[in-house]
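Engineer: Per TrEMBL, the features are:
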type: COMPBIAS; residues: 185-205; note: compositional bias 'Acidic residues'
type: COMPBIAS; residues: 206-229; note: compositional bias 'Basic and acidic residues'
type: COMPBIAS; residues: 236-304; note: compositional bias 'Basic and acidic residues'
type: COMPBIAS; residues: 305-318; note: compositional bias 'Basic residues'
type: COMPBIAS; residues: 319-328; note: compositional bias 'Basic and acidic residues'
type: COMPBIAS; residues: 341-353; note: compositional bias 'Basic and acidic residues'
type: COMPBIAS; residues: 362-380; note: compositional bias 'Basic and acidic residues'
type: DOMAIN; residues: 179-274; note: domain 'Pre-mRNA-splicing factor 38 C-terminal'
type: REGION; residues: 182-392; note: region 'Disordered'
Amino acid sequence: MANRTDPAAKSIRGTNPQNLVEKILRSKIYQNTYWKEQCFGLTAETLVDKAMELDHLGGTYGGNRKPTPFMCLVMKMLQIQPEKEIVIEFIKNEDYKYVRVLGAFYLRLTGTDVDVYRYLEPLYNDYRKLRRKLADGQFTLTHVDEVIDELLTKDYSCDIALPRVKRRWNLESLGSLEPRRSALEEDFEEEEEKEDNDQPADELEDRAYEKDYYRGRSPTRERERDRRRDSHRHRDRDYDRDYDRDYDRDYERERGRGRDRDRDRDRDRDRERDRDRYRLREEKDYGREREGRERDRRDRDRDRGRRRSRSRSRSRSKDRKDYDGGDYRKRHARSSTSPRRHGDGHEDDEPKKKKEKKEKKEKKDDGTDHPDPEIAEANKLRAALGLKPLKV
């Protein structure tokens, strides 16, 4: 709650006023003891008392880069956003120089280009000394006009990036700002007129050249001064033009890099989307292939089961046929008395006939049935000894 911006505060340059300070410096300010103890609950009226107690200015210092009280008060002004009249009174305060510098710094961060030049340029005539704390913690001596020149011409001050303002000659060409006049110009003119009135006319004629020479009013010196002034003015304008050109070039380069980054990001996003789409398509194809393989395997298993059942049924029918046409038939044939199936007992005589034929053949082979009794007797004896029969 203590670090939030005032709800009634307006956005500056399209953002929160506290965002004008970098995030790292902003977090260090929030953690600083001076911010927690001295800046808590400050308003635009009580802020003046704290600003009057300042004895130096600066950004951050030390190894851990602690913020100075000056920077904490600048952050508090960005948080509460005091009115413009109060800030102008800070700048016009001639008694307290640090109050003046605090108001000038805040106006440089939040003011318009015309207000910055209008209220800060008169401070060029303030030559009072200031103490400034450096990054190593040491103090150095500076002046108010030097700080104002840094605010108007540099990009960084007190470790804060200053918003960019237009060049003075651009505002003069647009008619938004009048040409700058030195505060000593009127004094010089009055002094010259006074000297002209005091001296007699004859002395003026006799010593015209000498007087003009010492006062710098000789034609040659006037021409040299005008030429030098014009050269400086053209040089400043060329420098400003080059600076603007470089700034625009850098800005365009950064915009080009940003477009390239956006294009690369879009390309990567499209590539990721195509990869996800391809992955989903592959998963779907793989699912279809898997379902097809499962379906084929089920069909093969079903066909194999059918073939097995068919072969099993065939084997059962064959066994049943063999059972019906084999021993079962023989048993029933023995017990059956049907003359039509057995044919009057001829099937029982067939083994006896075969046995008789075999015995006859063996006898013929032994030679015992030879017509000669002696040879038949000898063949019987040889058959008993396991010898071949005699062949006569």
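Just so you know, glycine gets a Cβ as well, placed from its N, Cα and C.
Note: TrEMBL annotation is automatic and uncurated.
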Engineer: Going by DSSP assignments with H, G and I as helix and E and B as strand, what are the residue counts for the compositional bias 'Basic and acidic residues' (236-304)?
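Structural biologist: The breakdown for the compositional bias 'Basic and acidic residues' (236-304) reads 69 helix, 0 strand, 0 coil.
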Engineer: Looking only at the domain 'Pre-mRNA-splicing factor 38 C-terminal' (179-274), report the model's average pLDDT.
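Structural biologist: Mean model confidence (pLDDT) across the domain 'Pre-mRNA-splicing factor 38 C-terminal' (179-274) is 66.
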